[in-house]
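Pulled from TrEMBL, these are the features on record:
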BINDING   T51, T52, Y53, Y54, Q55, D95, N144, Q189, W304, Q305, L306, L314, Y336  cyanocob(III)alamin binding site
DISULFID  C64-C106  disulfide bond
Amino acid sequence: EQPQTGRLALYLLGLRATCPRPEPHRALVTWLKYYLEEDWTGSRRHGHPLTTYYQYGLGVLALCVHHKRVREEVIRRLLEAQHSGRLGHSGTTVDTEAVVALAFTCLEQQRLVGAGLAAELQAATEGMSKNMTEAQGPDGIIGNIYSTPWALQVFLATGVCQAEPVYSRAMAALLENMDAFGTAATMAQVLPVLHGHSYLDIASMHCQEEPDTLTPLDIEPPTEVLGNKTVQLVVECSRPWCFELRLYDQPVSVPAAASLLDVLRAAAAQEPQHFTFDTQDTAQGPFLTQVLGLEARLQKRNYWQLLTAPSTPLQTGVADYIPHNGETLILRLSKY
């Protein structure tokens, strides 16, 4: 079984924010330290963690927020990956660099490393922050809509002025796309930013009882969209061991309000002998793991890239993206 580095790190970040007594989470912190070692040593010959650098960075961040020292070797693994450009593929680089930058900034601010290493971490963080600035598109989004809150957390943690264009444009993009943040995990990433905070603020928060200010909202049900639409579904394999690039290319008819996940289900029902897929539930929603029997596996560094023709990556996941009538959607097995 793979180490649950990222999941445990997120749990510990949330637990720290609730101001618990120390007893319940001491054992969990020990487990996270163990997972960080297992995550790396179990795949030492591959030169990368068993999970991902994103999860590995989250683990370091969570330990720092709990004021726990991290072995220098653990930190240098992330430094070396950052220096060599191995922190992610085109769809996850911003997310991973942002998590790693937050971890580095936390270690520096909490004085959990020596002066020499702290200077290295600061230089690396400045480089990753510059990368995020350069990754901002004309619509203000940095990487994709889900990585934008991570980038903004870095800007807040490192003191980037909120009046600077890169910050204000990214914040405006978030406010225009709030409907994309529909799961607990994505809300947890965006809510601190909307209040001008980052996860690093958890480390220095003063625990005190807060008044009960939560009140239920009367939310109107969404307006039903009537009719049907047709989406062209294409499956491609860009890996050298695939016999051909295009493995599937068929129109799929679905209700007008259907998501990409609904399109996949309709395709499987329409041609059960020719189209199959599988997903894995994650905190961010369903993650596409298998199409036509071809698996996306962390160990092989493969993933299913979601695009709208001809080559625009989707900003949301399979359950959140709503294709329009006549759109061509591409599922491409790619490597990072």
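Glycine is no exception: its Cβ is also placed from the backbone N, Cα and C atoms.
Nobody curates TrEMBL annotations by hand; they come from automatic prediction.
When each of the binding-site residues T51, Q55, N144 is scored by how many other Cβ atoms sit within 10 Å of its Cβ, N144 comes out lowest. In the structure shown, the C-beta of Y53 has more C-beta neighbours within 10 angstroms than that of any other entry among the binding-site residues Y53, W304. Fewest Cβ neighbours within 10 Å among the recorded positions C64, C106, L306: this applies to L306. Checked against C64 (disulfide bond) by C-alpha proximity, the binding-site residues T51, Y53, Q55, W304, L306 yield Q55 as the nearest. Here the C-alpha separation of N144 (cyanocob(III)alamin binding site) and C106 (disulfide bond) works out to 24 Å. Comparing T51 (cyanocob(III)alamin binding site) with C106 (disulfide bond), their Cα atoms are 22 Å apart once rounded.
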